[in-house]
């Protein structure tokens, strides 16, 4: 079971013989719980260590570890596992493999049992090859080998076919021995293994190596294997994946270079299919991100669309005014940025209305609006205000003001004379005007407040010399933020005395701000009333 930290929750289990237990949680150190596939790809040495340690406990001579599992969705219904019997049978083969006397004995018994028809029936196969005490396994082996050669099992086999069977059974090649046993398990040929069948692999390994207590923890190990080899959560793994795992365990005693190569191959099998190609990986990660953050995405998209719409609206509006003939696109950019500033200066108060947000969290709106991200959205709005302020200011002081000052007098009087009282201003006149002074003051206060709100100052990360050390810390941030109330006053004054708009109801800044400011004022009043009516007694403080 995945833990909140992204790892795996420990399953309580007594320690195995000869295997230490980490942290008292009941997890054998011999097979540590691997991280997710990203962690595997970043730290293949952890997987290599686990494979090496587990392999050191479970001998991987193929005849002793071949898994007794049957793929597909169904479970085994046999009285005794044919795979369990298989261990005994394959041990016998290990003793006789490559022995000329072994085949001669089998050939002699074949001649005795097939005198009448010249064919060996399925029922006599076990006794013929010297596996009389494992008739069930011998029968399964006979059916498997026959099926691979398209032989009808009920018709029996000839001596030549028996020789082929014997050659294949006694082949010491890892692939050959493993393939025989997989074919025994995979009767329908679909190459799929369930968790219960993987569990049987662990049990068989324990039986073959006389690790009795390992049996009781087979479920834990099989669950871990499925968690890693089945990253797509399909409920089964493919034979090639388990084969890769077994090869990794076989290679645990190999040189380090070979082990790293095997570990890398095993790690790749643990990557979900949707992550195996760059395109699929990118698409999947994008979809996962959208699924996890859809509330934030739609809200930020709506906010960006509103800012863009206001900017374009104001830009196009000023392109049709007489001021455009004097200042060109500069005035359009400045006014577009100013329009976004109005919206964001209004919105930035809403995320800090804590009482209102607490109430809204219990409503249906919480299903579509991420109220818990209020501070993050507050910071995004602050960043947008900073950008809007820079664009608005630079457009004015570097472009609009110089063009106003340098404009020919007759053209200026004809186009903008009424807006400036029929007097062409100088550059200092523009800076000393009400819009100029209020604009400069707002920039100074916002720069000071925004700087102290940064993490390095708010958390006292930066160490300033005395007496400037008072500027770092939460208190400095808190009180500096309250200076922003002056910014709202200056913003209203700034917008009231602007030059290019003379009619009062077209000066819309106050329309943007009035509702959020009143809302925030009510919040602060309610908060102050509660502070006076409810007291908290500090009984004890532990540092």
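Glycine too: its Cβ is placed from the backbone N, Cα and C atoms.
TrEMBL does not curate its annotations; it predicts them automatically.
When TrEMBL is compared with the stretches 278-296, 297-315, 316-334, 335-353, the one noted as transmembrane segment is 297-315.
When the ranges 372-392, 393-413, 477-497 are checked against TrEMBL, the one recorded as transmembrane segment is 477-497.
The feature region 'Disordered', as given by TrEMBL for the ranges 1-42, 43-84, sits at 1-42. Annotated by TrEMBL as transmembrane segment, the relevant range among 234-261, 430-457 is 430-457. Within its own chain, the transmembrane segment (477-497) has Cβ neighbours under 8 Å at 345, 433-435, 438-439, 441-442, 445-446, 448-449, 452-453, 457-458, 504, 507-510, 513, 517, counting only residues six or more beyond its boundaries. Looking only at the domain 'EF-hand' (173-208), the predicted model's pLDDT averages out at 66. Long-range contacts of the transmembrane segment (430-457) within its own chain (CB-CB distance under 8 A, at least 6 residues past either end) are made by residues 382, 385-386, 389, 393, 396, 401, 404-405, 471-473, 476-477, 480-481, 483-484, 486-487, 490-491, 493-494, 497-499.
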